[in-house]
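The structure under discussion appears below in the form of structure tokens.
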Amino acid sequence: MKYCNVIILDIVSDELDRKFTYRVPEKYLDKIIEGVLVKVPFGKRRLLALVVEEVIKIDFPKEKLKDIVGVVFDTPVLTNDLLKLANWMSQYYLCSLSKVVNTMLPKGVKLGINPAYEKYVELTDKEMADSISKKASKQKNVCEILQEENVLKWNELLQKANCTEAPVKSLQEKGVITVNKKRVYREPISYDKVAHYAYKEPTHAQKTVLKLIKDQLHSRDKIPTLLFGVTGSGKTEVYLQVIEEVLKNNKDTIVLIPEISLTPQTIARFVGRFGDKVAVIHSRLSTGERFDQWEKVLRGKAKIVVGPRSAIFAPCKNLGLVIIDEEHENSYKQGEIPRYHVRSVAEKRCEMTDSSLILGSATPSMESIYKVKENKYQLAELSKRATDATLPDITLIDMKSEFQRGNKSIFSKTLLDEIKRNTDLDKQVILFLNRRGYASFLLCRECGYTITCPRCEVTLTYHKFSDRLLCHYCDYTEPVTSHCPSCKSNKIKEFGTGTQKIELELKKYFPYLSTIRMDVDTTSKKNSHKELLDDFKNQKAQVLIGTQMITKGLDIPNVSLVGVITADTALNLPDFRAGEKTFQLLTQVSGRAGRGEGKGHVVIQSYNPSHYSIQAVRGENVRKFAKEELAMRKKLNYPPYSQLIRIVLRSSEENALENYADHLADKLEDQEYEVLGPNPCPILKIKDEYRWHLMVKVKKDKFINDKKLQDFLLEEKHNITEQGIIRISIDVDPINLL
DNA sequence: AGCACGCCGACT
DNA sequence: GTCGGCGTGCTC
């Protein structure tokens, strides 16, 4: 190619977030193709860029075009299908191609090739700093900040001082401060003698499922498989044996797992079966390690990639299979730009590369169940647990009548009895609390005042460990007070049921029981998650109290009782998926009971136990639940029967925000689009910014082809961003509606 | 983002 | 005048 478009990788700034055209010098004619990394002159600098396409018609003064000055890597860093996929994502999720490409490439691609440096600023000449004249106010300010912090990252300093880099550079020239570049070193990954994970002869059910999936592997018109299997039904062994088959055809596999399940045990199964053919990606890897894993795939040395959401972008040259385990997990949707859902992206990549797709879950998403109904997915079912363990008994407790009977405790009588009975038998108990949003907060019993975050207007959570109040949406924190800021009484005390509170309450009834608590506070340290679980597994405590994080992949045979303190919390969220989330969560939690010998028991406490989402948890009745849930979705025309585009508007100026939200909704309605809202977001304020949102509802799968709507939204975004008061973000197929 | 340009206030 | 701080505009 003679001329090509590139996107800049070094920087992500809105203004540079587009394509630039360069001339290809003669000597690179055979080297430069799509997906190649190059060096380009850009202003006075030389930057790393990615060649994305050939340009034939140039809409830029040809004589002003500059030459590409270097080719950085001996091979394209994005395979052909990935580049196509990037273009599709850019269109589908309405974001720039450079944002997509930047998420596709590991950070280390840039750093590994250009050694990794980070700029640090340090105050070195204190005397001179003090002698800076007052008129250089910005410099003075920068010095003051550095007096406090000593060493700061370059961009953090600019942010803190709220200045451009000019004053900092001046200080550097004067020798008041020094700027150090710190090399980021990468560490190799070790496959540390992972024990071989032996082939297991498939059960009858597994054989049936394997046949269905393998037929798809060799079929011409492939459709994805929804592998529906209850917890412990042996899905992993099915995955492993399908991968074996794919390997035989010399094709590559990508296995996607929610980050939280990427535990050493899970990894050990894949590495234990396939050894160094496996590349593993997880959040604990350093940039360098991540780069190494990525390169292993690019060079064809790894045939299997196991990783979270982002692993769907592994540069496999010969993709044959993608597996999405726990496909219903919300973490498969990226919360930032590009706001992609890995299920949709995987479907597209498989379609482009003629690969098979397996979606595994015990509680599939409504999206996937609906596709089975439409015959767009095939259903493969593993109904029985692979081991002989049977499904647990589930008791639903109505907390309203419990309260009416005079039980004001957070534990129902049944749950207390069960805790006693099970621990008396030397069995272990898990107590589950829905989310930390329901942890304790300070409430004045005199006047009802609660302490909220001054920036986000949400209730601050009380953390006993640090004895401070904490905001869960920003990093705001303040000390506890003994007197109510509103009425000055001393009746302001912690209230609510956090994991700590449950632990304390439990001690009142059973002072002799030892407990382990798992939540964000106790697991923030590296490895503490695993350590706590190991302790529990080794029966160092009889009761495990935890939030969400204990629901996944926990397999402890001695647990015979699971208690859910309040099932309602998720149900009450202002979200049309609340029922689905509640059902999935409760089913997952229930699956933790009775994984060894003997029947497990689950006690679910709820203020609304007749709700179908809670009722259907009995017997893990996914079909029953799906029937009711889909009927509701259809009636209200929610996904999967329609497609939503959520538009979030943020501003510190409430009036301007509300006016613009109304204006935008009107404009959309004028064009005959169905609009929900505008409304204030359920979380009205985050980090000093008010938030409003509105939802555009289109016919399912129609947004990608609705150029008119896409252009309108991009145009609006452009115009409103230029004014600088309101910020706008667009989320196609949103999961989070808060 | 980061580079240079150029305006403008302060000081020889 | 002229020096330096710091905002502004541009990058194929």
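Positions of Cβ are set from backbone N, Cα and C atoms, glycine also.
Taken from TrEMBL, the feature Zn(2+) 1 binding site covers A:CYS444, A:CYS447, A:CYS484, A:CYS487. The Zn(2+) 2 binding site annotation in TrEMBL covers A:CYS453, A:CYS456, A:CYS471, A:CYS474. Taken from TrEMBL, the feature domain 'Helicase ATP-binding' covers A:216-382. Residues or ranges marked as domain 'Helicase C-terminal' by TrEMBL: A:479-638.
Known features from TrEMBL, placed on the structure.
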residue	record	DSSP class
A:CYS444	Zn(2+) 1 binding site	strand
A:CYS453	Zn(2+) 2 binding site	coil
A:CYS471	Zn(2+) 2 binding site	coil
A:CYS484	Zn(2+) 1 binding site	coil
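For A:CYS453 (Zn(2+) 2 binding site), the number of other Cβ atoms no farther than 10 Å from its own Cβ, over all displayed protein chains, is 23. For the pair A:CYS447 (Zn(2+) 1 binding site) and A:CYS471 (Zn(2+) 2 binding site), the C-alpha distance works out to 22 angstrom. The number of other CB atoms found within 10 A of the CB of A:CYS487 (Zn(2+) 1 binding site), across every protein chain shown, is 13.
Fewest Cβ neighbours within 10 Å among the binding-site residues A:CYS444, A:CYS447, A:CYS471, A:CYS484: that distinction goes to A:CYS447.
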